[in-house]
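According to TrEMBL, the protein has these features:
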| type | residues | note |
| --- | --- | --- |
| DOMAIN | 1-362 | domain 'Nucleolar protein 10-like N-terminal' |
| DOMAIN | 367-415 | domain 'Nucleolar protein 10-like second' |
| DOMAIN | 477-504 | domain 'NUC153' |
| COMPBIAS | 507-530 | compositional bias 'Basic and acidic residues' |
| COMPBIAS | 532-547 | compositional bias 'Basic residues' |
| COMPBIAS | 608-625 | compositional bias 'Basic and acidic residues' |
Amino acid sequence: MLVSQANNVKVYNLSSGKSLPEWISDRKKRQLLKNDTDLRRRIELIQDFDMPTSSNCVQVSPDGQYIITTGVYKPRLKCFQVDELSLKFDRCFDSECIKFEFLSEDFSKLVLLQADRYVEMHAQYGRYYRTRMPKFGRDIAYHKPSCDLYLVGDGPEVFRLNLEQGRFLQPFDSEVNEINVCKINPDHQMLACGSEDGKVVCFDPRSRLKIGTLDLAMSGVKLGNDLLSSVTALTFRNGLEMAVGTSNGSIMIFDIRSNKPRLVKNHLYELPIKNIVFHGQNNRVLSTDSKILKIWDHETGDNFTSVEPGVTINDMCVYKNSGLIFLANESSKNSVYYIPALGQAPKWCSFLDNITEELEESNEVLVYDDYKFVTDTDLDNLGLSHLRGTGLVRAYMHGFFIDMRLYHKAKSIVEPFAYEEYRKNRIKTKLEEERSSRIKVNKMPKINRHLAEKLLDQKANSKKDDLVNDISNPLGDDRFGAMFMNKDFQVDMESEEYKLLHPVVSKHEKERLNQQSDKSENDSDDDLHPWHTIKSKDKKKKMTKKQKNAFKLYSMQREDLNHSVSINGLKKSSVTIGEILSQDFQKDIIRESGTALGSKEMTFKLSSKRDTKKEEENKIHKKERKDLRRSAGKIVASDNKPKFWRGKKCKAWGSQWLVNFNSDKTQFYSANRYRNNLDLPIFMNGNVLDESSTIHLLGLTLTSDLSFKPYIKSIAKLASAKVASLYRARHFLTPDSILYLYKSQIRPCMEYCCHIWGGSSNDALSLLDKVQKRIVNIVGPALAANLQPLSHRRNVASLSLFYKYYNGHCSKELASLVPSTKIHSRVTRHSIKSHPFSVTVPKCFKNSYSSSFFPRTSVLWNSLPSSCFPDSYNLQSFKSSVNRYLALQI
């Protein structure tokens with residue numbers, strides 16, 4: 001994609017770049033895409049949108065679903081389907097096509113004017129009928145009310161071919177030498193013909209009479225070097241305005257009630273005007289000759305921008321109400337241009353808006369394959385410090401770029417045995433890989449060995465399958481590997497501080513000592529084995545006696561902890577008293593004072609059995625009273641409930657506008673702060689509507705609890721499945737292609753209606769960030785460096801929509817919800833810093849309302865600087881300014 005900027009208006013050339021040869025294999029194509037940056041950066045909007053040699057005409061079907069081009073050689077017609085972005089069919093002729101016209105809304109009925117005087121009618125399957133006109137033709141026009149096809153050319157006659165009767169009718173006589181162009185006004189069906197001698201002759205198809213002649217030479221305007229010029233282009237804006245293009249590069253806009261032009265625009269190239277188009281969305285006119293396409297203001301004639309493709313232009317077509325322009329020219333590629341300031345991209349290529357935003361950054365290459373980046377110390381170690389300031393060393397950030405060949409040469413001189421060390425390390429790693437299948441002894445780390453044993457035992461006893469492969473680092477994270485390698489992290493278990501913090505030997509230490517004692521017993525001599533067993537039995541008896549004679553508080557504490565529920569996923573039997581107190585558990589029983597390093601005091605308060613027994617008896621008594629009491633809830637019949645909503649307003653509105661509502665296809669759901677369903681009947685046409693918890697509306701899921709977390713989960717799941725498909729096909733695609741597919745196909749799904757659900761919790765929105773993180777891992781961080789965060793894009797989208805609403809580009813109902821402009825009653829620091837477009841932030845008493853669109857975006861809107869707001873309404877300029885400002889805040 002090539003970006004040009006004429007008159008501060010960005011024009012994107014979507015057809016620039018190299019093209020791959022058709023005869024090479026797929027493997028060669030992948031190699032070319034990998035090595036050639038121009039091929040990777042190209043954008044093929046429509047596949048095979050080209051001609052063998054050149055193209056003559058290009059038009060969009062009235063329904064906007066198909067694009068048809070004609071060209072040579074061999075003379076042919078190509079039809080492209082915009083929904084599939086590819087070629088639908090290709091047909092060849094015997095002669096070159098000069099002009100063609102749509103007879104239906106799609107491609108099923110076409111009429112083509114050829115260079116050998118033949119007129120062909122084509123159906124959906126191919127050529128339907130072929131006839132020949134009396135003279136060589138130059139232009140055609142179809143009159144739908146009468147089914148007449150008007151043909152003009154080398155003569156004064158306007159030939160009429162009636163497609164209903166299938167024969168030629170009596171032609172119109174224009175009383176001019178030759179006719180170049182003809183057009184029909186869509187409002188009042190007047191036929192206008194432009195002649196070779198500079199006249200515009202108008203006919204009424206109903207009376208078949210000439211109703212007027214406009215002579216450009218009599219208008220009093222000097223056109224070029226002489227007064228005489230032929231008419232080469234005609235078009236109508238509405239029922240009264242007509243634009244006329246001449247052979248010397250001038251365009252005149254007439255009111256058909258006057259013979260004087262209202263405005264004259266000159267291309268200054270003295271080349272015939274090929275086509276003129278009035279843009280339907282804004283007040284612009286597009287005119288083209290064989291060299292340049294100019295876009296200018298309809299009222300004043302001031303230049304807006306211009307496009308020079310560098311080849312001869314034959315025809316122009318603008319996709320309706322958009323900024324997408326197609327040019328038929330004297331090259332194999334059909335030129336495609338996109339101008340965001342002229343209009344938005346069509347629905348079938350809406351991803352162009354996202355791509356053009358990404359291309360606003362500079363095209364400088366910051367990483368070089370043939371250069372090596374070294375720091376200042378590296379340069380000194382290589383012995384190349386004397387090259388500072390020369391052309392061999394290029395300063396960049398905190399270091400230098402040097403040629404890769406120079407780097408390897410200096411490296412081999414400074415470290416002559418570097419290759420031998422590298423070879424030894426490679427051999428060592430290969431041998432370790434081969435020995436990995438053998439039985440090996442796991443060496444515990446020397447530093448913090450007790451902590452490592454404790455962590456490994458916890459991992460082994462846990463139910464999860466998260467065993468550690470590397471025993472030297474039990475935590476399994478390289479960030480904490482220094483705890484078992486660096487002596488500075490050694491825990492001194494004999495220090496006084498450690499003993500104060502750990503006065504009791506841990507449970508793990510006891511088990512470890514018992515295991516060691518068991519191992520020593522098993523490894524002893526067989527002769528001593530009976531004596532050891534007797535000794536161990538005596539030891540166990542003594543331990544059981546001690547446990548029986550122990551203080552009763554200890555046994556009660558163990559019973560309490562065994563019957564308690566878990567704290568943060570762990571049983572309280574394995575949790576210390578300090579952790580239990582930190583969880584606010586039974587603070588009324590245990591009270592503590594002092595610090596962990598000394599003066600520690602605890603007081604235990606126990607409840608008596610009499611009090612607990614009395615509480616249980618009171619509970620049983622209350623339950624019996626509830627079962628025996630007589631409730632008055634069944635006195636009123638359930639059928640007498642109030643009818644909350646009968647649908648009278650909807651029924652009255654439907655009767656006024658002749659609309660009938662079907663209650664079987666009507667859904668409703670209620671949203672309230674209690675997050676429960678209404679127990680009230682809702683009627684429509686006498687039928688009770690069933691309440692549902694969710695409603696799917698225009699691709700968005702609404703729930704009764706006003707939470708968008710289920711919807712965000714669903715789109716994250718869908719996007720994750722698409723990313724998985726790209727990951728499986730990564731061997732057949734380049735990283736640029738994967739990133740392009742993500743931006744055009746996956747990311748728009750995660751941004752649909754983001755201004756509505758953008759205020760959801762971070763827990764839900766993080767699911768979408770994980771999907772984008774997977775793409776970064778696939779394409780690499782270098783290529784995805786310019787990939788903007790999803791939160792940033794959501795903020796830009798919300799502010800752009802708020803900007804439209806603030807300026808009144810919305811319905812009356814929606815405009816009433818826009819917050820009012822903030823009025824500062826006093827001069828304060830906040831009022832001085834705020835911009836003049838600040839709004840009053842709505843007062844929010846609920847989190848669900850504060851996270852909605854208007855309250856959330858109002859705060860972001862007031863934080864913008866004044867430089868983000870253009871002088872007049874310009875959505876594209878505001879969006880670019882906000883994008884740059886928020887990008888700097890990241």
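Cβ atoms here come from the backbone N, Cα and C positions, even for glycine.
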Three-state composition of the domain 'NUC153' (477-504), taking helix and strand from DSSP: 16 helix, 0 strand, 12 coil
Tally of DSSP helical, extended and coil residues in the compositional bias 'Basic and acidic residues' (608-625): 17 helix, 0 strand, 1 coil
Tally of DSSP helical, extended and coil residues in the domain 'Nucleolar protein 10-like second' (367-415): 20 helix, 14 strand, 15 coil
Predicted model, mean pLDDT over the domain 'Nucleolar protein 10-like N-terminal' (1-362): 86
